[in-house]
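Step one of this worksheet: look at the structure below.
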Amino acid sequence: MMAAFVDRVTVHVSAGNGSHGVSSVHREKFKPLGGPDGGNGGDGGDVVLEVDPNVHTLLDFHHSPHQKAGNGKQAAGDFKNGGRGEDRVLRVPPGTVVSVGGEVVADMMGAGTRVVLAHGGRGGLGNAALANSRRKAPGFALLGEPGEAVDAVLELKSIADVGLVGYPSAGKSSLVAAMSAARPKIADYPFTTLVPQLGVVRSGDVTYTMADVPGLIPGASTGKGLGLQFLRHVERCAVLVHVVDMATIEPGRDPESDIAALEHELREYGGDELDLVGRLRIAVLNKIDVPDARELVDLVRTTLEDRGLLVFPISVATREGLDALGFALASAVERHRAELPEMEPVRITLTPRAVDDGGFTVEADPRTGGWVVRGVKPDRWVRQTDFTNDEAVGYLADRLNRLGVEDALAKAGAVPGDAITVGDVTFDWEPSLPAGTLTAEESMSLGGRGSDSRLDSPSRMRADERLAAKKARRVPYEVGVAEDWPVEALDPDELDDEQRAALEGDRS
């Protein structure tokens with residue numbers, strides 16, 4: 001059973017989300033205050049289109065239009081970063097045109113050509129990557145970013161050297177079957193061919209492809225019949241063959257009017273940009289084996305040649321004229337190929353997405369009466385922030401301050417308490433303090449945001465100092481005094497320097 005032919009689909013693709021960074025503290029025996037060791041989250045996978053010559057239709061995406069790449073793998077403590085999510089590779093036939101938002105973004109031709117349709121989200125940084133000389137013990141990590149979501153239209157334009165056009169039942173499918181190994185459906189009623197059929201023809205040393213397009217009728221360029229749906233498949237053809245039925249008995253039809261109607265539809269469809277009528281055109285007058293057909297050929301040949309067409313009378317039933325037609329097509333295709341520029345190998349270049357690093361705007365927000373901050377970096381930073389963590393919110397404020405957002409807000413006239421919207425988040429603006437600055441509440445505890453005073457305290461005893469203190473506590477026993485002998489009763493002259501310093505430390 002022949003598979004259904006689908007040449008236009010809309011796909012909804014979603015790249016993988018980046019996983020969150022991890023906030024953790026290194027824990028190991030005999031190593032107190034080991035410091036932050038949270039790993040970075042993994043990046044989300046991309047959605048990639050790849051040309052596969054063994055694929056001939058877009059049927060798979062007709063049945064499964066929703067495609068999603070893998071999310072980034074979760075990170076862990078002990079500096080264990082998350083792995084990248086699995087890419088989703090969508091295999092498409094050669095000649096697939098990709099459009100996003102009505103704009104063509106890729107015309108995929110060569111085998112193996114790849115296009116990233118949706119980029120995966122970045123993984124969030126762990127607290128180990130966020131630590132620095134001022135923020136030695138971050139108690140937070142950054143969230144992973146969501147992957148891109150794209151709605152794209154995939155349109156297949158068959159890559160054939162020769163395109164057959166004509167009225168229904170003119171004998172196009174029979175001609176393809178007679179000249180190639182293709183076996184399209186053939187019957188004696190109109191519109192037997194519902195989808196384009198490709199055949200490979202060999203004439204002498206030249207091999208070329210021939211496309212049988214469903215029959216055209218007057219008005220096809222405006223959507224009548226099946227013509228408009230499949231006319232795209234002749235856009236890339238070097239030679240257009242008008243197949244004319246010389247045995248038709250339909251009222252109002254004759255070879256000259258058929259050719260005129262076909263060229264009118266091609267001109268209306270292609271316009272000046274494609275110039276389908278300006279390409280090499282061949283008129284194949286089929287079914288000359290029927291009575292009176294040969295006499296009709298002699299009557300119309302001169303008129304058709306005056307229109308710029310090469311005329312070939314043939315009979316598919318008796319195979320008369322097929323060899324001459326095949327060699328003529330081979331010669332035309334060979335000349336066209338010689339005029340084409342030399343194809344260069346396809347190079348895959350990964351180009352970073354353009355980002356305006358310092359670009360942002362501050363505008364009044366009539367909806368809230370506050371202000372809106374718009375920019376690539378501010379929006380991304382908001383997506384990375386865990387708003388359930390006060391320290392993470394403070395880190396966001398520091399980043400916005402360094403970018404100049406607070407200065408811009410002040411210049412625009414913002415005052416503390418105004419509603420500020422960044423991305424999808426709205427908050428009340430309070431000018432921030434740099435990381436490490438002590439607030440009134442923090443001065444009573446461990447230190448400023450992103451710090452741990454225990455790591456910087458000059459009064460923290462070193463290992464040699466603790467050993468000296470231990471020796472000093474044993475002095476009363478070593479000099480023979482009672483257990484309850486007060487330390488003040490010891491003669492400092494009987495102690496060495498380390499013991500004396502340790503005792504003074506105990507008194508303080």
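Even glycines carry a Cβ here, placed using N, Cα and C.
TrEMBL: automatically predicted annotations, no manual curation.
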Annotated stretch (region 'Disordered', per TrEMBL) among the listed ranges 5-28, 245-268, 485-508: 485-508
Three-state secondary structure, Ser173 (Mg(2+) binding site) (per DSSP): helix
Largest tally of Cβ atoms lying within 10 Å of a Cβ, found at which of the binding-site residues Lys172, Lys287: Lys172
DSSP-assigned states of the region 'Disordered' (63-90) in counts, ordered helix, strand, coil: 1 helix, 8 strand, 19 coil
Separation of alpha carbons, Ser315 (GTP binding site) and Ser173 (Mg(2+) binding site) (Å): 13
Winner by Cβ contact number (other Cβ atoms within 10 Å) across the binding-site residues Ser169, Ser173, Ser315: Ser173
Local confidence of the domain 'OBG-type G' (160-334) - pLDDT mean: 75
